[in-house]
Amino acid sequence: MSLIDRILLGPGPCNPYPEATAALAAPLLGHLDPEFLRVLDETCDRLRTVWGTTNRRTLPLSGTGSIGMEAAFANAVHPGRTTAVVAVNGLFGQRMVDVATRYGATVIPVEHTWGQPVDTDKILDAHPDPDIVAAVHAETSTGVRSDIAALGRAVHDRNPDALLIADCVTSLAGIEVAADEWGIDIGYAGTQKCIGVAPGLAPFTVSERAWRHRNPTPPTWYLDLGLIGDYVSGNATGGRTYHHTAPTAMIASLHAGLGRVLEEGLDAVFERHRAAGERLQTGLQELGLELFAAENHRLPELTTVKVPDGVDSAKVRHRLLTEYDIEIGAGAGAYAQSVWRIGLMGHNARQERAELVLAALARLL
Ligand code: PLP
């Protein structure tokens, strides 16, 4: 067995909550075992709390965050008939454009400068009446938080039937997400970020409005929400029918991770992320470094910082990894060499983790 025990301070995965890791070692249950179905139901209830929703269709999809993105567009797009305005202020907005296009939407990308939040007015100006508006809440590529509440209000004030798709992969269980209040029609996340569980599941929620407007025969069998729903929540007669073999160990782990989060309390968890991020961002500036994301829009859970002139970005990351067992991330896209990404997510959203990476960087720079 490897003795390497990394401190995962990149853009994800993070070190899971101990409860989530312990649950992976519990005896395995079958996916139709009544005890497992109880755990699954409770997991969906816990997800509803974390999402801030009463949506009946709130569930963990099998796969990483990107499967949530695929499922969102696969089920919401009617090929050839759907217009989608997609905010692009980083890599994951770009990925949404790609995915929505592949599922047959007419996509209008709205480009923003990387490092800036989504501009609601620009989104509204892009098209008078789109069927879908999509945006990333927490852009992991840039460390920026966008105002999804304002976007939801604007989109639904103009057309109560339009759908808002929000990528909450790096926000859920780290900063506030209020799906119902903000008007999120389809939201998806990933377990390996602030939820503090290993990668492998995509927490997902669908409003009644999105359900009414969905494509009943999406061009994917695996991600057909109607079929998955018959297993997760039961069919018309209440039975649970096999769709695919649910990853029971991962769902047990998510159940435990969410249990830990809710036991601490969502507000306390948000405050822990806020305080850790603030300490890191202040400390980096005290070291003379410059932050990348626009001020007042910085995510506490994912900090982007500019690599100082003359410093070899990859070499510093390599030394952090091999000498301190600390993983941080390179920048994304055009910023691969010029930005570092440092995550303080889930179990790592603690001041001592911030102090640790600051001390290591101070030695290496
Ligand atoms: N969306 C955002 C904002 C992300 O940060 C990520 C992953 O980092 C994804 C989507 C894709 O998730 P995954 O890599 O788990 O498939």
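Keep in mind that glycine also has a Cβ here, set from the backbone N, Cα and C atoms.
Look at R341 (substrate binding site): DSSP puts it in a strand. According to TrEMBL, the substrate binding site annotation covers R341.
The average per-residue pLDDT of the prediction over the domain 'Aminotransferase class V' (30-348) is 97, rounded to a whole number. Annotation comment: TrEMBL describes 30-348 as domain 'Aminotransferase class V'.
The N6-(pyridoxal phosphate)lysine feature in TrEMBL is assigned to K193. Note: K193 (N6-(pyridoxal phosphate)lysine) has non-local neighbours G12, P13, C14, G65, T140, V169, T170, L172, G174, E301, G343, M345, G346, i.e. same-chain residues 6+ apart with C-beta under 8 A of its own C-beta.
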Proximal but sequence-remote residues of the same chain as R341 (substrate binding site) (Cβ under 8 Å, at least 6 apart)
G10, P11, T140, S141, G143, L302, T303, T304, I328, G329, A330, G331, A332
